[in-house]
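Please read the structure below before turning to the comments.
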Amino acid sequence: MLQVYLVRHGETEWNAARRIQGQSDSPLTANGEHQARLVAQRVSKQGITHVITSDLGRTRRTAQIIAEACGCEVINDPRLRELHMGVLEERLIDSLTPQEEQWRKQMVDGTADGRIPQGESMSELGDRMREALESCLMLPEGSKPLIVSHGIALGCLISTVLGLPAYAERRLRLRNCSLSRVDHQQSPWLASGWIVETAGDVTHLDTPALDELQR
């Protein structure tokens, strides 16, 4: 059985400012660095052999902290990037026009054909995230990889593993530095192939998440 750990990056300056990131980038806050150290401490005893990350700065920094705790190298994989948010990238949520907010809500509410102009669809995101996950099956026997990616991207991936449409990802709450795990197995009791072991675990964190504070 192959176990693959999934970690969302730590809190960023734009998370705190409610600015849309997508494939644009902003650095981790001091709290985001702290979150990364906490999740690194939690997984440091799990025998992680590979830390594979989106090539965006916020994920690479989170991955670096985890890799140092686990004694691994960091492997960059652009397929693990966040959903491209098109014309809404770098925009403050509170500054959106009614039309722009409608585009954003189509994504948040899980609309099958939701796509922000000049952006990426959930189906396209799901396809590249599944490709990245399937690549883990090519690692040497006994490997235990950890993937560092983004909230929408990981939610989309977990949704497809569950057999749900890619756009169902907004039904999953994956907070900054939450820990999830998917396993690939052959089992007489569960579906063969990929299964979800856990999703969105934050028991290692010691402060409320931004979405709790910003309600």
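Note that Cβ sites are derived from N, Cα and C of the backbone, with glycine treated the same way.
Listed in Swiss-Prot:
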- 8-15, 21-22, ARG58, ARG60, 82-85, 151-152: substrate binding site (BINDING)
- HIS9: active site, tele-phosphohistidine intermediate (ACT_SITE)
- GLU82: active site, proton donor/acceptor (ACT_SITE)
- HIS150: site 'Transition state stabilizer' (SITE)
For HIS9 (active site, tele-phosphohistidine intermediate), the one of GLY22, GLU82, MET85, HIS150 that lies nearest, given that the recorded positions are compared by Cα: HIS150
Rounded Cα-Cα span from HIS150 (site 'Transition state stabilizer') to GLU11 (substrate binding site), Å: 11
HIS150 (site 'Transition state stabilizer') to ARG8 (substrate binding site) - Cα separation in whole Å: 5
For TRP14 (substrate binding site), nearby residues of its own chain (Cβ under 8 Å, 6 or more apart in sequence): ILE20, GLN21, SER24, SER26
GLU82 (substrate binding site), number of other Cβ atoms within 10 Å: 25
Cβ neighbour count (within 10 Å, all chains shown) around GLU11 (substrate binding site): 25
C-beta crowding around MET85 (substrate binding site), within 10 angstroms: 22
Sparsest-packed of the listed recorded positions (ARG8, HIS9, HIS150) - C-beta count within 10 angstroms: HIS150
Neighbourhood of GLY22 (substrate binding site), C-beta criterion under 8 angstroms, separation at least six: GLU82, LEU83, HIS84, MET85, GLY86, LEU88, GLU89, GLY119
HIS9 (active site, tele-phosphohistidine intermediate) - helix vs strand vs coil (DSSP): coil
